[in-house]
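First comes the structure, then the notes that go with it.
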Amino acid sequence: MSMIITILNGPNLNFLGKREPEIYGTETLKDIEQFCKECATRLGVRIHFYQSNYEGQLVEWIQEAIGVSAGLIINPAAYSHTSVAILDALKMFTGTKVEVHLSHIYHREAFRHHSYTSAAVDAVIAGCGGDGYWLALEYIVKRFNRNK
């Protein structure tokens, strides 16, 4: 059985391609999901890809990944700046965790410079657009293989 990596996307990411394309680009979340599936196939892993606008749903998916997924990629979107609940759920997940942001959050408004959720992850990738997901997938697979 191949390794599973869970990919979670937070609020408003379902509007990628339409919402502020000058910041987030024109790729849709479906484009990113397809790209992740192609990358996963090349890397020999499986992905579970989800999006929700609801904090509690993201927490539940993190909990469901415990003991199932070797790694977790999360783009918590605006919840990165507010959610202690997601932070606490991420702390419970013992696999490799990567936080991804499409935009460079440190080049944006000051309130976006602090991420609560990043305190519980192994790496943060910001400002690479959809390629950040590929970088996160590759990092998780390399780290898993190195620690076998």
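Glycine too: its Cβ is placed from the backbone N, Cα and C atoms.
As recorded in Swiss-Prot:
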SITE      ARG19  site 'Transition state stabilizer'
ACT_SITE  TYR24  active site, proton acceptor
BINDING   ASN75, HIS81, ASP88, LEU102, SER103, ARG112  substrate binding site
ACT_SITE  HIS101  active site, proton donor
Worksheet item: Looking only at DSSP and grouping its letters into three states, which state does HIS81 (substrate binding site) belong to?
Response: helix
Response to the item:
Fewest C-beta neighbours within 10 angstroms among the recorded positions ARG19, HIS81, HIS101 belongs to ARG19
Worksheet item: Counting across all protein chains shown, how many other Cβ atoms sit within 10 Å of the Cβ of LEU102 (substrate binding site)?
Response: 24
Fill in: Proximal but sequence-remote residues of the same chain as ASP88 (substrate binding site) (Cβ under 8 Å, at least 6 apart)
ALA120
Worksheet item: When the Cα-Cα distance from HIS101 (active site, proton donor) is computed for each of the recorded positions ARG19, ASN75, HIS81, which gives the smallest value?
Response: ASN75
Worksheet item: Which whole-number value in Å describes the distance between the Cα atoms of ASN75 (substrate binding site) and ARG19 (site 'Transition state stabilizer')?
Response: 16
